[in-house]
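Asker: Quick one: the structure is below, and I'll ask about it shortly.
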């Protein structure tokens with residue numbers, strides 16, 4: 001069957017993954033209002049296309065943190081890719097390298113950071129980080145990825161505690177015995193503490209605060225990007241604390257239910273930041289026109305989470321490539337049909353604000 005759009009990959013994954021695995025990837029917090037609103041919010045945004053603009057040649061390239069990528073869609077950090085495909089994150093890394101875009105590797109990978117680099121030595125990668133109660137754990141992984149040539153640290157700040165994902169509780173979700181959080185292999189000794197998503201429960205530090213941003217900057221030379229900001233107040237604090245980027249994100253609707261769709265939070269953050277640092281977004285991107293809308297509202301680049309996992313479930317590296325290629329093709333077409341020849345021409349004049 002020809003895969004025409006990202007929904008085709010979603011349907012394939014739902015059919016072929018085990019129920020517990022599908023439920024884990026699909027989960028939102030509580031009633032899943034925010035998860036679902038991430039998608040619906042794009043459908044409320046209307047475009048104002050310009051015509052007769054000579055779109056015979058188009059260019060989707062952009063830069064993130066000074067590095068050129070082929071189009072403004074990267075892979076967001078998602079956990080446990082080996083649940084979807086036996087090669088896991090290694091396949092994701094190869095696909096992203098082939099399409100020349102950015103892959104944010106999750107702390108909760110089922111392949112190690114070393115294996116990922118070996119599989120795709122020329123890939124452009126950032127590393128997503130949590131702060132643990134044991135700061136040494138965070139520090140060690142920072143030094144590892146810096147030595148391996150990862151280009152930025154993405155500090156996830158919206159998980160002082162894990163959101164309540166009802167189906168994971170019902171399914172008593174656990175990593176199967178043959179898989180583990182590879183970056184921490186052998187680090188967590190056998191304990192009586194129950195496991196939560198592959199590590200001992202309560203490993204994450206709920207006391208994390210802005211001073212930990214300074215702490216992180218003190219142990220690395222890499223740019224720090226904060227993921228999980230949804231308000232202008234926190235965007236301003238991020239700039240004041242010297243971070244190099246913000247990912248507007250509600251964790252795919254998996255943390256606080258009832259917060260805004262990430263695309264709805266984007267404008268106030270872009271207005272506050274005013275170009276001082278780059279602003280990115282994840283959550284709800286399913287089509288090329290979604291990408292166009294996010295860029296028109298001020299995102300420099302967007303990142304996809306679940307669709308990458310669906311691509312893996314379909315055909316591993318080739319499936320992720322197909323997902324990225326479809327988004328690239330759709331984005332190029334939406335750009336042209338809106339009268340934009342390159343990403344520099346995409347701006348807020350494309351958005352019909354009266355309908356928002």
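Every residue, even glycine, has its Cβ placed from backbone N, Cα and C.
Keep in mind it's a predicted model, so treat the numbers as computed, not measured.
Reproduced below are the annotations present in TrEMBL:
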type     : residues                                              : note
DOMAIN   : 1-356                                                 : domain 'FMN hydroxy acid dehydrogenase'
BINDING  : 24, 165, 251, 254                                     : glyoxylate binding site
BINDING  : 77-79, 106, 128, 130, 156, 227, 249, 282-286, 305-306 : FMN binding site
ACT_SITE : 251                                                   : active site, proton acceptor
Asker: Spatially speaking, which of the binding-site residues 77, 79, 128, 285 is closest to residue 24 (glyoxylate binding site)? Use C-alpha to C-alpha, please.
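Answerer: Spatially nearest to residue 24 (glyoxylate binding site) by Cα position is 79.
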Asker: Between 79, 285, which of the binding-site residues has the fewest other CB atoms within 10 angstroms in the structure shown?
Answerer: 79
Asker: Can you tell me how many other Cβ atoms are located within 10 Å of the Cβ belonging to residue 156 (FMN binding site)?
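Answerer: If we count other Cβ atoms within 10 Å of residue 156 (FMN binding site), we arrive at 22.
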Asker: Between the Cα atoms of residue 249 (FMN binding site) and residue 165 (glyoxylate binding site), find the distance and write it as a whole number of Å.
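Answerer: So the alpha carbons of residue 249 (FMN binding site) and residue 165 (glyoxylate binding site) sit roughly 17 Å from each other.
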Asker: Quick one: of the binding-site residues 165, 251, 254, which has its CA closest to the CA of residue 285 (FMN binding site)?
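Answerer: Result: the closest of the binding-site residues to residue 285 (FMN binding site) is 251.
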Asker: Taking Cα atoms as reference points, rank the binding-site residues 165, 251, 254 by distance from residue 128 (FMN binding site) and give the first.
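Answerer: Smallest Cα separation from residue 128 (FMN binding site) among 165, 251, 254: 251.
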Asker: Distance between residue 79 (FMN binding site) and residue 251 (glyoxylate binding site) at the Cα atoms, whole Å?
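Answerer: On Cα coordinates alone, these residues lie 12 Å apart.
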Asker: Taking all residues of the domain 'FMN hydroxy acid dehydrogenase' (1-356) together, what is their mean pLDDT?
Answerer: 96
Asker: Could you state, as a whole number of Å, the largest distance between Cα atoms of any two of 24, 165, 251, 254, the listed glyoxylate binders?
Answerer: 13
Asker: Given a separation of at least six residues and a C-beta threshold under 8 Å, show me what packs close to residue 77 (FMN binding site) in the same chain.
Answerer: 104, 105, 106, 107, 128, 154, 156, 227, 305
